[in-house]
Amino acid sequence: MASSAQSGGAGGGGTITSNPRVWIVAGIAVAGVIVLAEAARRRRRWLRGKSSAPPDAGAFCDRFELSPPPQPPPPAARHLLSGLTFAASDNFEIEGYVAGFGNPDWKMTHEASKHTAVTVTMLLKQGGTCIGRTVMDELGFGVTGENLHCETPTNPASPSLVPGGSCSGAAVAVAAQLANFALGTDTIGDVRIPASFCGLISFRPSYGVVSTLGTIANSQSLDTIGWFARDPSVLHRVGEALLPATAGGLKQRRQFVFADDCFQLLKVSNQKTVHAIKNAVQTLPGYQPPKHINIGQYLYSNVPSLKEFCEPATKLQEGMSALKALSTVMLLLQRYEFKASHENWVNTVKPKLGLDISTRVLRAVNFAHDNIKSLYAIRNELRAALKNLLKDTGILVLPTTAGYPLKRNSKERLSSGFEDRMYKFVGIAALSGCCEVTIPLANLDHHVSLSFVAAHGSDKSLLRTILDTYSLIQEQVVLASKLATAPVTNGDLDVDVDVDVDASELLKEKGNSAFKRRQWSKAVQFYSEAISLSDTNATYYCNRAAAYLELGSFKEAEADCDRALLLDRKNVKAYLRRGFAREVTLNYKEALQDFRHALALEPQNKRALAAERRLQKLLK
């Protein structure tokens, strides 16, 4: 009995332990239960995340309310900002609160402010109600609006995209209709870029016109107080409250000056933009016909100290080289001044920073440059050059940035290419100290923001111009976005072909003559007339492309080269010119292909050989 029981017991245990299949099945079953449980847990967490968006769109880091003084009794006028609410970025001091400057280590190592920022006080006196302080990129660096220490504010215009920085929370507070307007500091685009990403209007005043007292500086000679709004009338009212009476500026017969090269780099339809603004202002008194300029080439020729920072470039690339050099100088100046103000704190506290912010801060505290005076000389030369260009009537029109918002948590935010695209145009106002208004144009080919830059001190007139034209421009943009550009043909012409050929050759020669005299616009006109008479001659398109390149109209130049190559696949000049147009607009791979096509036809072509070597280095 005992033996039998022992055997049976041993036999039962042996059946389990000796059969590996049983263990495998059991293991799979347990693993399956664990996987299903984890999947269910993750789904519950995902659903909670979907159903509970961050409060106030994640815009605020401090919520409080500062009320204005009582309204004066009648018949006195109501306060200018009566009934309006506003927020301020986390680098504005508020009495009794610690300004965090976007970083918890900063907040822990500083005391509560004993005074309120001058601009906040001025707005309160004019009837505004301050409802809190908003999230910003750490220490005023950063361009995406993402902060390691808090949730990224949700961009109401495009929730999957970053809101832009550094004043991300201020922009989101206004875009989400949590406040009527908001304050930020614009150093190198910190207000203009988030306004562009969130579809808002913004204003960067002339440098030194609005007091920065009571704000934490990032770069003292670049910092300006800026503000966001949804409504141009609110933007204007805030300007009336903050701007001194002397910030007048623009006189009658105002003129828009389009930076054609900047539009080409963004690949936005310049024609649609020009058409929209032309139609918007043609019914208004006091506007001259628009003017066009290659602003990069103008700066290269009129800011002599900038050449020290320009990369070696061909004649056609000088303009783009100048714009890149301008953003380089802006960043160097920011690093130098941030180091002067905050090096000791960074080295002592060693704050925890996001990866991209840490890189920028380290560059600043380790900054060394032999000739700081040249940075400030460029600023003075740039302001003088823009004053000479715009005088008392001109308003420069260009895209706010040379790129578009990234998706949240995109690794591309760490790339130098993204930074280059964001900063390429903002340096014009930042370094010169000129005033700039940014308005959204969401109905164009892309979600684009347009900037209007006026000479230093023209603040109130620029705000008045936008107030007068904003709704008209938006109406015309909607119409322009619906218009399809009709191709130009000569199918209705009923004339003798030989006469057309003779006349078109004469027009081509006139175009060549104008080109030699550097009259690029006239050359384009003559070549266009030649094409209207004979649209099957590749030379006409190729010549017009050369003139477009000189004007900085790279998109038009590329289109003309496309047409020329359809007519003549062995046109070396068309490959070369299309290659240059593509290279300047940063399409390096396509440009390299064009130069190699040219070399296949002319193996010893010096320009193509040099371009091939240059592009191979860039693509490494």
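Cβ coordinates come from backbone N, Cα and C, glycine included.
Because TrEMBL annotations are produced automatically, they should be read as predictions rather than curated entries.
Annotation source TrEMBL lists domain 'Amidase' at 78-233.
What TrEMBL lists as repeat 'TPR' is 504-537 (among others).
The helix, strand and coil residue counts that DSSP assigns across the repeat 'TPR' (538-571) are 28 helix, 0 strand, 6 coil. For 538-571 (among others), the entry in TrEMBL reads repeat 'TPR'.
Averaged over the repeat 'TPR' (572-605), the predicted model has a pLDDT of 91. The repeat 'TPR' annotation in TrEMBL covers 572-605 (among others).
What TrEMBL records for 22-40 is transmembrane segment.
Helix, strand and coil counts under DSSP for the repeat 'TPR' (572-605) come to 27 helix, 0 strand, 7 coil. Across the range of the repeat 'TPR' (504-537), the DSSP-based residue counts are 27 helix, 0 strand, 7 coil.
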